[in-house]
Amino acid sequence: MTFRHCVAVDLGASSGRVMLARYDSKHRTLTLREIHRFVNCLQKTDGFDTWDIDSLEKDIRLGLKKVCNEGILIDSIGIDTWGVDYVLLDKQGQRVGLPVSYRDNRTTGIMPQALVQIGKSEIYRRSGIQFLPFNTIYQLRALTKQQPELTAQVAHALLMPDYFSYRLTGEMNWEYTNATTTQLVNINTDDWDDTLLAWTGAKKSWFGRPSHPGNVIGDWICPQGNRIPVVAVASHDTASAVIASPLANKHSAYLSSGTWSLMGFESKMPYTTDEALAANITNEGGAEGRYRVLKNIMGLWLLQRVLKERRITDLPALIAQTEALPACRFLINPNDDRFINPDDMRAEIQAACRETDQPVPVSDAELARCIFDSLALLYADILHEQANLRGEKFTQLHIVGGGCQNSLLNQLCADACGIRVMAGPVEASTLGNIGIQLMTLDELNNVDDFRQVVSANYDLTTYIPNPDSEIARHVAQFQPKRQTKELCA
């Protein structure tokens, strides 16, 4: 067959998309077309920050039906989402309550309990995953301790992409790359860790053994009656984004830039040394047995909140105003846990600057400048940290995802990190999702083969570092700003 049509459902924490890919196996051309885009946002339910799971499912089905109504024969479907959040089901397979967001404050104070009762080094030895207060391990502990009546109804727990695949196929699956984000998968066995799971109070019977990307979960029957296979792709959106990152060699790092920024490198072995633990490095699962050695950074969430609060709709105009301002007048630590979900992001940023005896950003452009400069400096700090961890410097950084469209931030990143930055592709998560589908359909050999297809079909923008820039001169001075209470504290 010359042409393949694959559908990627790509859900982020702020929006979702149904995308159609067309692959010409003869000429190895790959094109994407957006079929349906929709909003994803938090809602308050009984005092919890929850996801409107029914609305998301409705939009997914609407997007799939739009493709089918065009008369296109779909070869496969894949779903990727953000990590750590889950949906509870009863023994009839019906949903129990609404899924609570990782940004909800129910996990406050839970992680310190685990550090005392199990031990930080023991948790890290077992999971190899970074300590974030909203990891699934702490969410489940909060659930079982705070809502025992709800817990009693539960027979299964599915992570977000697995839930939507279940709703399409009727078959349950626990995909490996996303499962590793829970901090509950044993890094040596790739199965759920009995000790960590027992501590949460959740039953092991809620979960099936994690499966690696590439298996067919089941079929979705389209309105025309065709059975379309639903593939378990690398269902954590960052895992998919990394698959589509055209990494040149082992000296290339990646930065998946969106609501979250995830910065790291690929490795055939995990890094679980005391040094890695001290740096709060995570070893999330990737495709083909590779590890995504990385660190979570709060990312463009700060900007997204400011845009929403200030009702700013013209982002290019704001960036142009921001670029005209002097660099590094206002600096914060974007990974300070005060920025996870404040009532007022603008006020929180201003308070952080005030508390560190800095000028206080007032205008929208000043707030954006503060965010961009601070992110670029944090990227540089973490890249240096990771280079020391592996004992080799990086020579190139690939920025993928929606954030790679921000040319100002890309240049600031190149200047601060002191290495060449390659920006693109924008739709990295969607492309990585499609890549696993094409491998499952035997159209591509492996991830490296797929990256060659990406490189041939998608243009990248190069940013050369300027060592004389203002931000480059501030790199060494930024470290004290990170001595605030970070996400892992």
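We number each residue from 1, going along the chain as drawn.
Each Cβ is built from the backbone N, Cα and C atoms, and glycine gets one as well.
Now, the feature entries from Swiss-Prot:
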- A13, S14, S15, G16, R17, T259, Q304, G402: ATP binding site (BINDING)
- C68-C222: disulfide bond (DISULFID)
- G83, H236, D237, T238, N296: substrate binding site (BINDING)
- D237: active site, proton acceptor (ACT_SITE)
- C353-C370: disulfide bond (DISULFID)
- C413-C417: disulfide bond (DISULFID)
Neighbourhood of the substrate site (G83, H236, D237, T238, N296): other residues with Cβ within 8 Å of the Cβ centroid, in order?
W82, N178, T181, A239, S256, W260, L262, E284
Around C413 (disulfide bond), which residues of its chain at least 6 apart sit with Cβ under 8 Å of its Cβ?
L255, L375, A376, Y379, A380, L397, I399, V421, Y463
Cα of G402 (ATP binding site) to Cα of C370 (disulfide bond): how many Å, rounded?
20
Return the maximum Cα to Cα distance in Å (whole number) over the record's substrate-binding residues: G83, H236, D237, T238, N296.
14
Long-range Cβ environment of T238 (substrate binding site), under 8 Å and at least 6 residues apart:
G83, S256, W260, L262, E284, R292, L294, S429
Sort out the sequence-distant neighbours of Q304 (ATP binding site) for me: same chain, 6+ apart, CB within less than 8 Å of its CB, listed by position.
S14, T259
So among G16, C68, N296, all listed as recorded positions, which is physically nearest to C370 (disulfide bond)? Use the C-alpha atoms.
N296
Distant-in-sequence Cβ neighbours of C353 (disulfide bond), under 8 Å, six or more positions away:
F330, L331, I332, P359, V360, P361, C370
So among C68, D237, C417, all listed as recorded positions, which is physically nearest to S15 (ATP binding site)? Use the C-alpha atoms.
D237
Widest Cα span across the ATP binders A13, S14, S15, G16, R17, T259, Q304, G402, in Å?
18
Cα distance, A13 (ATP binding site) to N296 (substrate binding site), nearest Å?
15
Quick one: give me the count of other CB atoms within 10 A of the CB of S15 (ATP binding site).
15
For C68 (disulfide bond), which of the binding-site residues A13, G16, R17, H236, D237 has the nearest Cα in space?
R17
